[in-house]
DNA sequence: TATGAATGAGGTTTCATTCAT
DNA sequence: TATGAATGAAACCTCATTCAT
């Protein structure tokens, strides 16, 4: 009932062109966001994609839509990254590894950590996207680790997620800043603070 | 008889007005930076100060000059905040208190933590300002604490300072984010990781 | 069947509109340059053309581009003006007529002579344009006339061209100044100075 | 009645200070006009004179007043330059020498020739100044030379004066332009044109 | 009388967004 | 559906000019 009553017959080909364009735009935007920040001129993104500016607006009516789409796309990979626990690790090890994978993600997608705090359009949506996709994963990892007695139980996944993200900020602009060490410090702080080894 | 015995002084009153205006501008800029970010229109700052735009440029020829001035002004207070050690504390306690004072500073100067990472003009100068003023203080505190055996000695003050700053980011925009808890977590990670308390 | 056999052509109509706008801009700029000088506000030119300011910048990214374009367009006509020698004239007559045509050009394009000396952006380009287009023509005319024994051979076309241009300056602003008489005086000075009245 | 009822007694000293300042301003303006053109910022002139901006305005309420004053000052020297005819010269030689002296003046006061055509405030006054001071001198020289049969009688001093001025334009900006040759050409055109080849 | 701080109009340029083709 | 030309608001920065001291 849906596609049937459309004009001459859009033909699968056209539809796939459209999708191809959307992909081009996502890739282009990701790359441009890195190069020029999340406030990069729309024209720049269109040019990078080899498309017209109107096409950007057709696919992503607001900048927010584009921003979210760019990163949603990249979050998918991370959301499933906790699914293969690698068997014989302690829950803390699993948590630890995921956290660093998260940091990898933020750091390699240069500028993403900073972008999360942009006060521009799309900002809220972007944040929500992260929360929706990653918070459940991290929450589970924290709970597992706490249940196993490895780590504190009084740390909220939300705070922890933002903290990790924050610690990644500035890696690019301050080349001397070693975010990884600080992330490890945060992880260390998470471990059951020695109060009673016995 | 009149002008002859004056110093070159071009009327003391005027000079004090000028200084008053400079202060107005610093206050206005601090407030506007918070509201609109470090890239706020100059016109906005002028308006907030109740002065003309030209006056802003007279006092601070480049945006960098203004940005640096705004924060240098506020750093002075913090740089001396470690001078009154409050006697009977452990070095770790002193460190801990200063770190929270630093966080207070960043958080109450709403937006300042974010501003530290702006990739705009004045950015480098701002960063340098922080490094020059605060790094020595923090470095000393860390060393004292490590010497006393309270904390690790393998943490660089530079990383730690940026980390604290980073953890404060987003406090305003994500009201649910509890930066203080994360700072405490980082401080906890700093403590000599309970090799054997006994 | 449809798009396949078209060239890449992005709709011929659009392109012609674009060209029409460019022409509008050239006309508008020529007119405004006369009225307000070569430094006229871009906004003025846009208004005169009935277009937006952005459009000016799209077509002519720098002021120099616009300035040069305005006059290049008008130089074309002059560069070929020496091609129809009108048969039975002496080379000196031909030279004389072209010089006055050049002066006509400068004077009727009110303000152009002055514009040639603007120390603003685009100035060098404008001068070069004149040199490239007109100098060869004038040089040939001078040589022909000198070869025929009508005029001195020791006058450089470059100096002469600038001199003609200079003599046209002020025609508008000093209504009483009769540039033509001075041009004739210069031409008279060019003739083989009374070889031997004996 | 006039100076008598003034305040405490301005004292000759003060008056001479005022005059000294005026001279400072004239010198400074002349120098700045050369360096930055006739539209140079007022502040620049004040700075060059080592005085406040307000003082500039006190002495020369409009820019026109300053411009005129600067050049009037320099015209005085030229106006008398024809007074010492050096005895044994032909009137044409005297004319010729004065013309080159005029050109010297324009060329060495870099930018002055161009300034004569500025469409800015003070322009008309400047032009008038030249006319009033120099036209009588040049007119007399032309008449003397014509009376002696050296040169044409049908050339108006006004046109000739402007022509000389114009030919000096661009000497600075087009280093390759040899204004002197063109002035000589104009002078050559002035000579009784090859009496009659018949 | 001299000063120079303050003002703000006016120029430049950039881009987000619309819309005719 | 895709295009990119056009628009114009908005930011920047520079002085001419005023006026309190």
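Glycine is treated like the rest: Cβ placed from N, Cα and C.
Of the candidate ranges C:41-60, C:61-80, C:81-100, TrEMBL annotates residues C:41-60 with the feature DNA-binding region. Under 8 Å from some Cβ of the DNA-binding region (C:41-60) lie the Cβ atoms of residues 21-22, 24-25, 27-29, 31-32, 66, 69, all in the same chain and six or more residues away from its ends.
Residue counts for the DNA-binding region (C:41-60) under DSSP (helix as H, G, I; strand as E, B; rest coil) come to 15 helix, 0 strand, 5 coil. On the 0 to 100 pLDDT scale, the model's mean across the domain 'HTH tetR-type' (C:19-78) is 88.
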